[in-house]
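*Asks:* Dropping the structure in here first, questions after.
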């Protein structure tokens, strides 16, 4: 079932459509930090609007990204409304030589542009683990676990499963040298939209990919891929066919989703 945005999972633990943020009282067509309370504590969009890409001297922790929401008075013309407007680019799902389905751009995509959301059912941790354990080894896995590491040591987890309900994002392949990166963007609630942005200028016809492990544009210490793998875990890993110069030979693997918390 196609859905342009995330929906509540069958477990009913989280509802991404629930409005919990109060909204701003800005009356201008475009909000700006630090005046706008929605943007005061997070990153704002640059020109375009596009996400500002970190330079070589990136801070240890990136700032969160918020958008003005349904209770804001700024109106639909506000420049901080981007991901919530949904897909605006011309994309095409196509059959690749070795990776099954893939997605390519049918138009040039400038760096920092929003491409699409990774949409599906938003699950609680218990339901996400139950579904993963129920999968056969040969079945494709679409469930993604996104972990946001806070400065005080806390970790926020978001699980999205587009297996039964989802959008074009479910067909995006992994690459060890991707041209997209994922950013959690919050609009009306703390349940984020998993937004994919262009990491570099992308040509028309180029396949769109992102790093399933989350290492790209993140600190190595935040990835659970860095710990040594047990022999049993190696046998469960699937080969990577991205073809990049730095290919790790296997798709990313997170054993914590198969263990009892």
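The backbone N, Cα and C atoms fix where each Cβ goes, glycine too.
Pulled these from TrEMBL:
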DOMAIN    22-86  domain 'Pre-SET'
DOMAIN    89-213  domain 'SET'
DOMAIN    236-252  domain 'Post-SET'
*Asks:* Let's see if you can do this one: DSSP helix, strand and coil counts over the domain 'Pre-SET' (22-86), in that order.
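*Replies:* Split into helix, strand and coil, the domain 'Pre-SET' (22-86) gives 3 helix, 5 strand, 57 coil.
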*Asks:* Using DSSP, how many residues of the domain 'Post-SET' (236-252) fall into helix, strand and coil, respectively?
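*Replies:* Split into helix, strand and coil, the domain 'Post-SET' (236-252) gives 1 helix, 2 strand, 14 coil.
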*Asks:* In the domain 'SET' (89-213), how many residues does DSSP put in helix, strand and coil?
*Replies:* 14 helix, 51 strand, 60 coil
